[in-house]
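Pulled from TrEMBL, these are the features on record:
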SIGNAL    1-29  signal peptide
REPEAT    83-117  repeat 'PPR'
REPEAT    118-152  repeat 'PPR'
REPEAT    153-187  repeat 'PPR'
REPEAT    188-222  repeat 'PPR'
REPEAT    223-257  repeat 'PPR'
REPEAT    258-288  repeat 'PPR'
REPEAT    296-330  repeat 'PPR'
REPEAT    331-365  repeat 'PPR'
DOMAIN    479-560  domain 'Smr'
Amino acid sequence: MVLMEHSPSSLLRLLFLLLASLLRHPARSLLLVRWLLANPDARSFPLDAAFFNVALKSLRAARRWDLAEPLAADMLAAGVPPDNITYSTLISAARRCRRLDRSVHWFERMYAAGVVPDEVTYSAALDAYARLGRRHQVAALYDRARAAGWRPDAVAFAVLARMYGEAADYDGIHYVLSEMRALGVAPNAVVYNTLLQALGKAGRPALARSLFDEMLRSGLSPNEKTLTAMIKIYGKARWGRDALELWERMKANKWPMDFILYNTLLSMCADLGLEDEAEKLFDEMKRSEGGRAQPDSWSYSAMINIYGCGGKAERALEVFEEMLGRKVEPNIMCYTCLIQCLGKAGRVGDAVRVFETAIERGTKPDDRLCGCLLSIVALSREEEVGMVLSCLEKANPRLVEFVKLLKKEEASFDEIKEEFRGIMNEAETEVRRPYCNCLIDICRNQSFPPQRAKELFQIGMTYGLYGSLHTKGSSEWSLNLKSLSVGAAKTAFEEWMMSLLSEQEEGLPESFCVFTGAGNHKFSHGLGSAFRSHLEKLGAPFLKSEERSGSFVASKEEVVSWLRLGILSQMSLHR
């Protein structure tokens, strides 16, 4: 045999060189190790962990966990004890192959064997536990490792920051920052980005801004991910001025702006109603060098949404036509925003034509588009209702049948409740309350039987769609209508007032408050003014509060006196 012609030391060197040359050929390195295992007489030395480690690293590089773990089993069967490198390679290989359960398994086996992990292994294990959602085990492992003398690096802190951020755990994020500063670990760009994203999820815009400034002072330049995270944070907090200042700094400093960042900025402008700023940004995208940030369907959706909220239906249509002219295929959000805009503007015929265009181009209506059509039914004139229901028939026939059922005088409460439950079970969770809102609006606006709106509201309450409306304090009871449509808000208020008739006067609080929303959005309008008109129509004593924005207040004496004037008959008339 050729192998027997060499001394043990020279043979070892040759085999290591051969294995190293096969690192990019995992199947061959595995074949060599298994041949050596199967032919002990062909070698004059025992195999140790080093041989297996080279082969395992080769399999890790190839992401072949299906071969790596069986090789580890062969190693144990041959009586070769794994060392720190073996365990570290297996743990990182499992993590790289998204077998986090096996990564944790081999780490726990490493600990049980008394093998001390190194810095890289600790970080890999922390990441595996964190991605599995085992927060308590992450904290315990971190404390145990620190007690053993481990000094975490920026990678480990990035793992902790991401975990606490996904849980929106501000205390955990604060702990990570404190630990880094105590140990003198300077965050790199990845850690800063992770911490900023975490603070955004935790709803801490002020701390995020301070951390961003700290990053700049440290000499690090923000990248696209950093800036996108900050824009999202400012948009969520409705800090329009800060967001625009950051945009100006981006341009002045020529910080990198990618496609995602542009769209994030546009979405923020749409959320805050910043029409002029959005137009400038949109034009900048169209002029981008080399077309690297040309507007896509999401960019156009944001612009259509902005013009729709501002009541500029014609401008929204122009943007839509430009989009088609540029061969940008509209997504479902584009169609939904435009149809909603046209419906609110009373251009029902145009809204129907846009819907038909969507169907012709192969768009499959989703629950949000169905909700949009329902809201247009509520706003339509009697002669237009049929056109909109014909569109809805193509998207959700069951909803159309339910609207027809609501119109029938002879339909029973139980029949309506059962069909409503079936529709809600089929709908996505986030559209259930909007569906109920729109259906109540339809009942009130389209002269359906007078009890229908009340019945739908009661059913919605039963199914938990309106569970957070009422708050009872010792001195004040309040009703939060912010998330309701105009019709649903009117119905909720009427039901609230009627419920007071069954209360003993001495058990009532000193004041009552109705909250319709502060209207921070530039284009916010509708509910507050519509509700105020409704109060005036009913002769209700609630007046707009000077101290609390978006609130209407009344005293106990005023409410009781008003109820005694015959509020029940008035509500019956105006329902």
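Positions of Cβ are set from backbone N, Cα and C atoms, glycine also.
No curator has checked TrEMBL annotations; they are predicted automatically.
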Restricting attention to the repeat 'PPR' (223-257), give the mean pLDDT.
88
What are the DSSP helix, strand and coil residue counts for the domain 'Smr' (479-560)?
35 helix, 14 strand, 33 coil
Residue counts (helix, strand, coil, in that order) that DSSP gives for the repeat 'PPR' (223-257):
27 helix, 0 strand, 8 coil
